[in-house]
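Here it is, the structure, as C-alpha cells.
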C-alpha cells in the first residue's frame, strides 16, 4: 500500500534537521564495575558519560558544514552537582544540547536521569555545562571556526555570551594557580593532609585517546574522580560518594604515550563534606624537548555515608603547614559561598 505524505517546505525540513543535530540522547545500564563496593555509581563514571555525549554532539555540529574536518576537544566543565545517587542496575538517560557557540567554542548542556527499570521511577541525577573547541584533524594545534547556531530568542544568545565571557576569564585566572607539586610525606599523622593524599600514575594508551591521539576529557575526569575518592576514603574510612565537582579546567592537551600523574590532597572539611584538590600533570617521556606540564585541575567535594546511605560526620582536617592553612581558608570560602548560593536559591523557590 502506498502512503502519501504532505510535502514539507525545504526551510522547515532544514530547521528540523538543525534542531536534531543540536541534541543527543543515550541510554546505558549501570553495571558492577561502574560502582563502588556499596553499589553507588562512581562520580567519574557519570562524568565520563556526560563528556562522551558532549563530545559527540559538538564534533557533529562542528563538522556540519563543508570545510576542514575536526574533532571537538573538551576545554572546561562548569561546576557539576550530583543531585541524587545512581545505583547498579539502574539505567542512565543522558541528553545533551548545544546552547551557545562563539567563533571558536561550543557550549553543551547535559542532563542525566536515572531510571529504576523495575518500578519505572526516574530522577534527575546530574546537570552539567561543558565547553569544547574544534581541533583540525590535519593539525592538532589548529583551532577551527564553529558553525553558528540559530537562537529562538535574542535573550538566549546574550545570556550565552555572558556565560562564555565568564568561563573564559576564569580559565585564564586558574591556569597557573596550582603550580606546586604534591610530595609524599613519611609517617604522616591521621587527619592531616599528608595522611590521605594520593597519586595515580597512568600511561596513556590508544584506547584513552581521540582520533587526534590526545586523551578524551572523560577519561581524565574519571581518573581524577578515582584519586579524589581514594583521598576521601582514606580520610574518613567510610563509604564515600561524589557530591559535586568545581569547574574542571583543561589547561593543555595530553598526548598518546605521555605518562600522567593524577594527585589529590584534602584542602578543607566541613561537618559533613570534604573538598579535595586534584592536579593532573603530563610527562611526555618519549619527547625530550617537552617538559612536564600541568594539564588539568579541579576541586571535588565528597560526603561520607553510613551503610544505610545516611550522611555521616566527617573527621576534621588538621592543616599543619602555612600553605595547608591557606588552602584550608580558601576552601572554607568556597564552601560558604556555595552554601549561601544554595540557601538563596531555596528561598527564591519557596
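In case you wondered, yes, glycine gets a Cβ from its N, Cα and C as well.
Automatic prediction, not curation, is the source of TrEMBL annotations.
The following feature annotations were taken from TrEMBL:
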type: DOMAIN; residues: 20-138; note: domain 'HotDog ACOT-type'
type: ACT_SITE; residues: 36; note: active site
type: DOMAIN; residues: 194-308; note: domain 'HotDog ACOT-type'
type: ACT_SITE; residues: 225; note: active site
type: REGION; residues: 320-350; note: region 'Disordered'
type: COMPBIAS; residues: 323-333; note: compositional bias 'Basic and acidic residues'
How many other Cβ atoms are found within 10 Å of the Cβ atom of residue 225 (active site), counting all protein chains shown?
26
Restricting to the chain of residue 36 (active site) and a gap of 6 or more, list residues whose Cβ falls under 8 Å of its Cβ, or answer none.
42, 229, 239, 240, 241
Over the span of the region 'Disordered' (320-350), count residues by DSSP class, listing helix, strand and coil in order.
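With helix first, then strand, then coil, the region 'Disordered' (320-350) has 28 helix, 0 strand, 3 coil.
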With Cβ-Cβ distances below 8 Å as the criterion, list the same-chain residues six or more beyond the ends of the compositional bias 'Basic and acidic residues' (323-333) that contact it, or say none.
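Distant contacts of the compositional bias 'Basic and acidic residues' (323-333): 180, 193, 267-268, 275, 277, 299, 317.
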Where else in the chain does the region 'Disordered' (320-350) make close Cβ contacts, counting only residues six or more beyond its ends and a cut-off under 8 Å?
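Non-local partners: 180, 192-194, 244, 246, 267-268, 270, 273, 275, 277, 299.
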